[in-house]
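J.: Sharing the features that Swiss-Prot gives for it:
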| type | residues | note |
| --- | --- | --- |
| BINDING | G112, I132, G133, D134, F135, V136, L137 | S-adenosyl-L-methionine binding site |
Amino acid sequence: MKFDILTLFPAMFDGPLTESILKRAAEKGLIEVKLHNIRDFAFDRHSVTDDYPYGGGAGMVMKVEPLAACIEHAKVGSPRARVILTTPRGRSFNHAVAEELAREEALIIICGRYEGVDERVRELFVDDEISIGDFVLTGGEMAAMVLVDAVSRFVPGVLGSDESAVNDSFADGLLEYPQYTRPAEFRGLGVPSVLLSGNHQEIAKWRRRQSLGRTAASRPDLLTDAHLSASDREYLEELQRVAGSDG
């Protein structure tokens, strides 16, 4: 999986992309991340990449010429790449979108800045617009890091266990169950006995119910589209009855 990241600030990516899982994935050749400095494609000696908006208004707009040249340069090495613009107006990024993008051969990610990019960049080059949340960042670099990290988890071999991505929060539409490791007791708090029982059926049942409970408490909106069995629905109804009696 190849990621071409178009940015005005390539140094921002030094830490997040050169440590931990992403570092090992790159060393194994499972992913490739290539940074392209948009300033290198400016047409004037001052490397200007932004200008005042036509019609007036606050802030600056990223110019079309440097971005067009940078995108076309990236496409030489990744001709079938999907071009993504990080922007608050894009579709919401989530687990399913990350899995979808992981099926692409390559992604070209444009990191927006200032008041945004010249609309002609969208019209001529952009295949998809992605937002990581209903808030505004200084630039698209942080969003690009999120995309690379989340998408890479679906690339075969990137995670230590093939089950890791499957069992992550949101993989089945629910939040993940609580996790414990040694020691078995810490400051009076012990590990739930079921996890020490060796009974895998009961462990699976406990984990499922914990996921349901956590999701109902913190992200009830996820339950609408979650894959729920009859047993799941009965348990959720039981939780509602208990909550109602406590209230």
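Just so you know, glycine gets a Cβ as well, placed from its N, Cα and C.
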J.: Show which residues of the chain containing V136 (S-adenosyl-L-methionine binding site), separated from it by at least 6 in sequence, have their CB under 8 Å from its CB.
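T.: The list for V136 (S-adenosyl-L-methionine binding site) reads P88, given in order along the sequence.
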J.: If I restrict to non-local contacts, at least six residues apart, and a C-beta distance under 8 angstroms, what lies near F135 (S-adenosyl-L-methionine binding site) in its own chain?
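T.: P88 - these are the non-local Cβ neighbours of F135 (S-adenosyl-L-methionine binding site), listed in sequence order.
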J.: Out of I132, L137, give me whichever of these binding-site residues has the highest number of other Cβ atoms within 10 Å.
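T.: Neighbour-count leader: I132.
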J.: I need the neighbours of the S-adenosyl-L-methionine site defined by G112, I132, G133, D134, F135, V136, L137. Which other residues of that chain put their C-beta within 8 angstroms of the C-beta centroid, in sequence order?
T.: P88, S131, A143
J.: If you count other C-beta atoms within 10 angstroms, which of the binding-site residues G112, G133 is the most crowded?
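T.: Counting every other Cβ within 10 Å of each candidate, the maximum falls on G112.
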J.: Find the longest CA to CA distance in the recorded S-adenosyl-L-methionine-binding set G112, I132, G133, D134, F135, V136, L137; express it in Å as a whole number.
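T.: In whole numbers, the farthest two Cα atoms are 16 Å apart.
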J.: D134 (S-adenosyl-L-methionine binding site) has how many other Cβ neighbours within 10 Å of its own Cβ?
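T.: Around D134 (S-adenosyl-L-methionine binding site), other Cβ atoms within 10 Å: 7.
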